[in-house]
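Record features (Swiss-Prot):
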- 38-53: compositional bias 'Low complexity' (COMPBIAS)
- T68: O-linked glycosylation site (CARBOHYD)
- N184: N-linked glycosylation site (CARBOHYD)
- N352: N-linked glycosylation site (CARBOHYD)
- N433: N-linked glycosylation site (CARBOHYD)
- N765: N-linked glycosylation site (CARBOHYD)
- N776: N-linked glycosylation site (CARBOHYD)
- N816: N-linked glycosylation site (CARBOHYD)
- N847: N-linked glycosylation site (CARBOHYD)
- N908: N-linked glycosylation site (CARBOHYD)
- N929: N-linked glycosylation site (CARBOHYD)
- 208-219: repeat 'BNR 1' (REPEAT)
- 256-267: repeat 'BNR 2' (REPEAT)
- 492-503: repeat 'BNR 3' (REPEAT)
- 569-580: repeat 'BNR 4' (REPEAT)
Amino acid sequence: MGKVGAGGGSQARLSALLAGAGLLILCAPGVCGGGSCCPSPHPSSAPRSASTPRGFSHQGRPGRAPATPLPLVVRPLFSVAPGDRALSLERARGTGASMAVAARSGRRRRSGADQEKAERGEGASRSPRGVLRDGGQQEPGTRERDPDKATRFRMEELRLTSTTFALTGDSAHNQAMVHWSGHNSSVILILTKLYDYNLGSITESSLWRSTDYGTTYEKLNDKVGLKTILSYLYVCPTNKRKIMLLTDPEIESSLLISSDEGATYQKYRLNFYIQSLLFHPKQEDWILAYSQDQKLYSSAEFGRRWQLIQEGVVPNRFYWSVMGSNKEPDLVHLEARTVDGHSHYLTCRMQNCTEANRNQPFPGYIDPDSLIVQDHYVFVQLTSGGRPHYYVSYRRNAFAQMKLPKYALPKDMHVISTDENQVFAAVQEWNQNDTYNLYISDTRGVYFTLALENVQSSRGPEGNIMIDLYEVAGIKGMFLANKKIDNQVKTFITYNKGRDWRLLQAPDTDLRGDPVHCLLPYCSLHLHLKVSENPYTSGIIASKDTAPSIIVASGNIGSELSDTDISMFVSSDAGNTWRQIFEEEHSVLYLDQGGVLVAMKHTSLPIRHLWLSFDEGRSWSKYSFTSIPLFVDGVLGEPGEETLIMTVFGHFSHRSEWQLVKVDYKSIFDRRCAEEDYRPWQLHSQGEACIMGAKRIYKKRKSERKCMQGKYAGAMESEPCVCTEADFDCDYGYERHSNGQCLPAFWFNPSSLSKDCSLGQSYLNSTGYRKVVSNNCTDGVREQYTAKPQKCPGKAPRGLRIVTADGKLTAEQGHNVTLMVQLEEGDVQRTLIQVDFGDGIAVSYVNLSSMEDGIKHVYQNVGIFRVTVQVDNSLGSDSAVLYLHVTCPLEHVHLSLPFVTTKNKEVNATAVLWPSQVGTLTYVWWYGNNTEPLITLEGSISFRFTSEGMNTITVQVSAGNAILQDTKTIAVYEEFRSLRLSFSPNLDDYNPDIPEWRRDIGRVIKKSLVEATGVPGQHILVAVLPGLPTTAELFVLPYQDPAGENKRSTDDLEQISELLIHTLNQNSVHFELKPGVRVLVHAAHLTAAPLVDLTPTHSGSAMLMLLSVVFVGLAVFVIYKFKRRVALPSPPSPSTQPGDSSLRLQRARHATPPSTPKRGSAGAQYAI
């Protein structure tokens, strides 16, 4: 499993990001390779992207501390493309901190003409297309048409209050990290560095500090040491006054710590080299440090002293405890690697992580790089049998396997979010390559239902998976996603967490006011939701919690998403309607809690203007922020709520120092807003006011008022709605059909949900619906659609299985093996369980409260042991057998065996292995009721069954320390009929060609035949054959009751066969695979099994009867030899491989027209 990302933006260029508050990082391209500018982000600070090719990925959570100075963003706020410099700014979730990455040294040298034009300021003041508006402003996004108007524009332009400060002496530095404390603080810290690409290290650094919001700066190199080279700047997320500086490990390994916002520092030596840090989300002095040699350290004194926790820790797989789920705030979750390369999940206290005090919450090994601890959930992955299996623990309870629809068969899974006690996951299924399906879970994170199919994905430069999904800030349950439909990518929106999706309505008019002829569903608005090619760069889509109705994004109008003809669009009513605001890409900042939008154009030329909108993007005014055009490297927005200050970072030329332009927006407001300056606005979806079960009314500033908002007040009022069907999604195992009903999927048995129930207890009997998590509706149909508690029925034991805890059939001599007794139905608490371990030891259990812990046993000798379990209660009994090898792994074994054969006929069983060459093998065969197995060195063996009925054959294959098994059931009768079935071609599109799918489809076909013909199910056996196209074999069996009486005659079989053929020829047999997918079942041709078999074991009377039939048949053949040609199937050659779907062993006795049943001898019908 790879890492997943979701966000917004264009991949056409590396972009800069302007965000709210916090930390800005400016660095040259290629620096990530050195690790000094772009360290690996820790998962707890990485929302939806990372680079590891395996294991779960996840999104960060509010309140999580950044592990490194690069916490990935929750939602991008502002982007700027500074030409050939790469820059991104991202905000750490829940900390109020923001970050950016930029490049300076990679700037190309412009031609002389370009340089001259840049230094004259041409291009920087070039206005967009359109007509000039009041005050000399132009319509945004359009170019000048009248030179006189352009001149008048420059003369009458509006100016913002700004000051410029140059970081003198740092002109060679190509990286910068900026921290703005905010929260009533005027302090800004800047760390600039010179990264030498040839040496791959930092050779110079400078530390600057401002105490007046960036008007002036003081150089602090003498306070940290003139020869000290600094590599990183860290800020405590819970106390912004605490600063930590990390020295370059190439020179020395030290920390410089400040508790007064960087005014003074204390230096501490380290005996290890820090690769990343993870701050505690609550305790400001608690830190985890990950070293370059994969050791994890902890400090309870903000880095002044360190203690080793664990060696061999997997990178980025360590986490702090989560309040509300863990009792101990100092508990550490980590994934550690053993000497032999396995991984396991450990927990321990930060200051007491000895061998005796470590816990292992998940028994056994997990897949490397798969541990995720996020909110109330813990996720791990375990691959067995070539398939990944995913496990979740909710609120630190026992792990349960995550349940996707049965035939999702995931290749890859990524945890996108765990907000509001629900898991949102992206799953790549067995038949997907560049798309993922979105699934949403119940509260425990166990049962998942489909939210959206075929969401577009792409792979980042470091191998991380990026999902085209964007969560809109400020509105619970609102997402945008790009879905692939017939090779076209279209943007969809949901307001109820994926229950319903719709296309985006395009604007009615363009920038010039001309009508846009775009009709749904053939034409719509499509938005770019990908992040930039730079893994630390956010994309060009923006929303903000404090402005819940405003969304700004780049995209296009048409039939599909395009990378050309990109414009900028804004919605001020939460995605219901959209307006075009620019014809070229811009980046937008939310100022004054979204009361003002600031836009800056993407251009490789120097600029000195930006655009402001005071009416949610309806109109824009042009302002200059500097008198000299500036190559913009990045922008840092206001960290506080009312400062209205923005800092622009850039250069006047490629030879100049860093220029810091402080822009103060307070002068554009004449007063603070009063109550009469606001109006109510109701959230809705195309007129529907009930969103997620509630009506929400927000307070918005009137568009004509130009006052400063200050603090955000949130929703004015919220009231719950009456529950309707729209507030409920289909429950696990159910699918929504065209009539809107949720009906069971073909593979799902609703009664299976009560199998773990004990008499006297109760379980939730699903109605097929479940309420959307976080939906606040009340009354209405809530009672009708909610699952009902139901008393557990008393049942006899059924479906008993005994397995080892790790699912293997081997155990080490002298070590504990845990046996799990699993009962599909039956009352565990009133059951007697008897276990015979096969080594002379047996135990009994009565009235067990739970079997979750399993039964432990130690085998003292090596060998194969027959473990038998007998379960009895007052209603019945059941038994199960496990053949346990006490010592061996093999990838896969499959038993090839006929579905049906004739009595006293030799049957060939073959073990098919994967991989086929695994060295010396031992085959252990169990069949019938034999208590002793047959052991061979060959993969094939012959059996003979002397009595009619169902028989079971089990093969176990041993190779070294690996043992795998497969079990098949074969029907044995003196006589039967068989018919080849075919299907409408659409079934092949959904055929993953695995045994489980074939068994379930066979069951569905049998059910359809029984319903269409009324033939009892005991007479019908359907076997779906492997391979494509999909085919099946229908067997008509002479069922008899358990007493051996009332056995069907040959004539009865003929009549049943004719009825089945007639029904199939009438196209009356069909089934619905999924909503909208109807599969028709056809008849191919029929063969028949003999009344007697041509073998010496039969009596003399039978031989006389056979000879008579032969003579009659010969006479008929002579008479009709020129009128009718009879084709007799031949037995296959010995080289025919079992598993070939066309293989059938048969000897025909009578020939009849294809439309009627043929009698003959069918020795065996083979399929895998």
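Numbering starts at 1 and runs along the chain as displayed.
Including glycine, each Cβ sits where the backbone N, Cα and C put it.
Keep in mind it's a predicted model, so treat the numbers as computed, not measured.
Among the glycosylation sites listed here, namely N352, N433, N765, N908, N929, N352 has its C-alpha nearest to that of N184 (N-linked glycosylation site).
Mean per-residue pLDDT, taken over the repeat 'BNR 4' (569-580), amounts to 96.
Between the alpha carbons (Cα) of N929 (N-linked glycosylation site) and N908 (N-linked glycosylation site) lies a span of roughly 18 Å. Counting other Cβ atoms within 10 Å of each Cβ, the glycosylation sites N433, N776 show the lowest value at N433. According to DSSP, N184 (N-linked glycosylation site) is assigned to coil rather than to any helix or strand.
N433 (N-linked glycosylation site) falls within neither a helix nor a strand when secondary structure is assigned with DSSP, and so counts as coil. On a Cα basis, N352 (N-linked glycosylation site) lies 28 Å away from N816 (N-linked glycosylation site).
On a Cα basis, N765 (N-linked glycosylation site) lies 46 Å away from N352 (N-linked glycosylation site). Secondary structure of the repeat 'BNR 2' (256-267) per DSSP (helix as H, G, I; strand as E, B; remaining residues coil): 0 helix, 5 strand, 7 coil.
In this structure the C-alpha atoms belonging to N765 (N-linked glycosylation site) and N776 (N-linked glycosylation site) are separated by 22 Å. Over all protein chains present, the Cβ of N352 (N-linked glycosylation site) has 12 other Cβ atoms lying within 10 Å. Counting other CB atoms no more than 10 Å from each candidate's CB, the glycosylation sites N184, N765, N816, N908, N929 peak at N908. In the three-state DSSP assignment, the secondary structure recorded for N352 (N-linked glycosylation site) is strand. Secondary structure of the repeat 'BNR 3' (492-503) per DSSP (helix as H, G, I; strand as E, B; remaining residues coil): 0 helix, 5 strand, 7 coil.
For the repeat 'BNR 4' (569-580), the DSSP-based tally of helix, strand and coil residues reads 0 helix, 5 strand, 7 coil. In this structure, the C-alpha atom of N908 (N-linked glycosylation site) lies 39 angstrom from that of N433 (N-linked glycosylation site).
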